[in-house]
Amino acid sequence: MGSKRVYTVNSSDGSLPKKVSDNSMASTDSSSTYHNSHGISWAMAAVFIVGDMMGAGMISLPLSLGRAGLIAGCVLILLASLFSGYTGCQLGENWEMMQNRWPKYRTHCRRPYPEMAYRALGNWARQAVAVCLVVSQFLIACVLLLISAENFTNLLNTFFNLHLDFCIFIVAIALILWPFSMLQSPMDFWQLAVISAASSTVAAGLIVFGASWDMSACVPYRQMPSLETKQFTLAYGTIVFAFGGHGAFPTIQHDMANPGQFNKSVISSYILITIVYLAVSITGLMAYGDSMVDTVIPSIQLTWVAQTINVLITAHIMPTIIIVLSPLSQQVEEWIKIPNQFGARRALVRTLILFCVCFTALSVLKLGLFLDLVGATTITLMTMLLPSIFWLFMQASAKKREDLIKMGQVQPNSPDVETASLADVWYYTPKMLLAFNCISLTFGLVGGLTSAWSAIEALIFSEQVAPCYVNWFRNGFNAQIAGGSLNCCGAFKNITHYGNPDQCAAFHH
């Protein structure tokens with residue numbers, strides 16, 4: 001390795017980085033040569049990752065484990081954790097390579113993921129990935145908004161016997177989130193990330209506790225889900241959704257004080273997330289079997305536990321919506337050339353984005369299938385496929401440039417415009433590492449295609465649900481019963497600790 005240069009970046013004034021030392025080696029805990037004097041620590045970045053990922057997908061994992069089978073489902077969760085954690089680290093290495101090779105990325109960058117695509121594959125990839133990122137983050141925000149609205153509906157139904165229209169809460173939550181959507185970057189709302197991560201971790205503990213408490217009543221009458229190929233492929237989509245936070249990773253890393261420590265953030269957060277996911281999935285499935293619907297929360301029979309989880313998951317999801325909307329908003333602002341400062345144009349654009357998210361949530365009410373489809377398509381692409389492709393081509397182009405410089409075909413101070421071909425990737429990538437990347441890409445590609453097909457088929461052939469605004473036009477703002485009933489356990493969904501099957505949801509259909 002040659003000598004490295006250490007730069008300090010002051011993102012508050014947007015000035016160019018200043019050289020601090022010419023021949024200083026990177027510290028032992030970081031390979032980064034660039035520092036952001038106003039950035040967040042690696043531990044706080046890990047909190048952002050937990051807050052970004054753990055919550056919405058977690059409460060659906062017990063159902064996915066049942067669809068896939070206990071053993072196969074656990075293997076699927078572990079593989080998704082391994083490969084998505086690996087691609088998360090690759091995203092971090094990609095960003096470091098970009099900062100080393102192109103100084104412009106040492107200051108504020110509003111669209112790091114598309115820029116990564118551009119440096120790896122060219123301008124066409126930048127445009128394609130920008131569109132994919134916007135669609136992915138947009139759909140995730142829609143799913144999170146739906147879950148938040150459902151949780152609020154359940155809370156009011158349970159504690160106050162208010163059967164308000166589920167759709168009203170979609171609009172109400174969007175209005176609550178509106179002022180927070182104006183914040184510039186994750187550094188502006190680190191407190192929300194702490195709340196998000198803490199609430200989802202406590203909620204996971206309560207899910208395990210509540211399911212364990214129900215086992216004495218439910219296990220003797222439990223029926224496990226039947227194993228079907230279509231259900232297995234749908235399980236893939238939900239599991240990948242639970243690990244799908246990569247669209248925000250480059251934004252989080254760019255706001256770190258020491259971006260070279262991002263791998264530490266990914267690894268530490270993934271250890272916690274994987275342990276939590278396995279505990280919640282296994283406990284929920286072993287307690288309730290095939291009696292769960294959409295999420296595990298309505299199956300938990302201790303009312304205070306179930307509703308505390310509802311509150312905590314909602315406290316997790318609402319800040320996460322803001323975190324998810326950040327890269328989406330920055331990309332749209334880049335497209336239409338909005339200045340990188342708060343103003344009327346930024347406020348208008350972000351208001352319109354949140355309105356579109358709200359309108360889509362009001363239009364698509366099939367939470368389970370919608371979640372499967374999002375996980376199988378855009379999240380699979382952003383999480384399982386693109387990071388590895390970028391890394392393979394970017395590291396190959398860096399090595400190719402080094403060889404060209406050594407051979408005298410390129411001057412060291414010439415513009416860094418070299419790109420890699422597939423032949424270059426084969427030549428410059430160690431074969432064991434290339435093989436592992438091929439396995440990871442195959443897992444993402446095959447799983448994503450099969451799961452997407454199953455989700456689309458299920459959406460087309462399932463019973464259609466009228467959008468909220470259509471119901472409002474037809475019926476006005478009439479109260480509707482939308483959740484709050486207990487999903488009792490057992491083969492006939494009629495077993496409860498309280499001995500009164502009248503409160504079971506199965507008796508109200």
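Backbone N, Cα and C define each Cβ position, glycine as well.
Lifted from TrEMBL, the feature list:
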type     : residues : note
DOMAIN   : 38-400   : domain 'Amino acid transporter transmembrane'
REGION   : 1-28     : region 'Disordered'
TRANSMEM : 40-63    : transmembrane segment
TRANSMEM : 69-89    : transmembrane segment
TRANSMEM : 128-147  : transmembrane segment
TRANSMEM : 159-180  : transmembrane segment
TRANSMEM : 192-213  : transmembrane segment
TRANSMEM : 233-249  : transmembrane segment
TRANSMEM : 270-289  : transmembrane segment
TRANSMEM : 309-328  : transmembrane segment
TRANSMEM : 348-367  : transmembrane segment
TRANSMEM : 373-394  : transmembrane segment
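Contacts between the transmembrane segment (348-367) and the transmembrane segment (69-89): absent, as fewer than 3 C-beta pairs lie under 8 angstroms at sequence separation of six or more. By number of Cβ pairs under 8 Å, the transmembrane segment (128-147) is matched best by 309-328 from the list 40-63, 69-89, 192-213, 309-328. Within its own chain, the transmembrane segment (192-213) has Cβ neighbours under 8 Å at 44, 47-48, 50-52, 54-55, 58-59, 62, 180, 186, 272, 276, 279-280, 283-284, 286-288, 296-297, 299-302, 305-306, 308-309, 312-313, 315-317, 319-320, 322-323, counting only residues six or more beyond its boundaries.
The stretch in 40-63, 69-89, 233-249, 309-328 that contributes the largest number of Cβ pairs under 8 Å to the transmembrane segment (373-394) is 233-249. Residues 77, 88, 143-144, 147, 186-187, 190, 192-197, 199-201, 203-204, 207, 211, 238-239, 241-245, 248-249, 252-253, 255-258, 261-262, 264-266, 268-270, 272-273, 276-277, 280-281, 283-285, 288, 292, 294-297, 309, 313, 316-317, 319-320, 323-324, 368, 371, 375 of the same chain lie 6+ residues outside the transmembrane segment (40-63) yet bring a C-beta within less than 8 angstroms of a C-beta in it.
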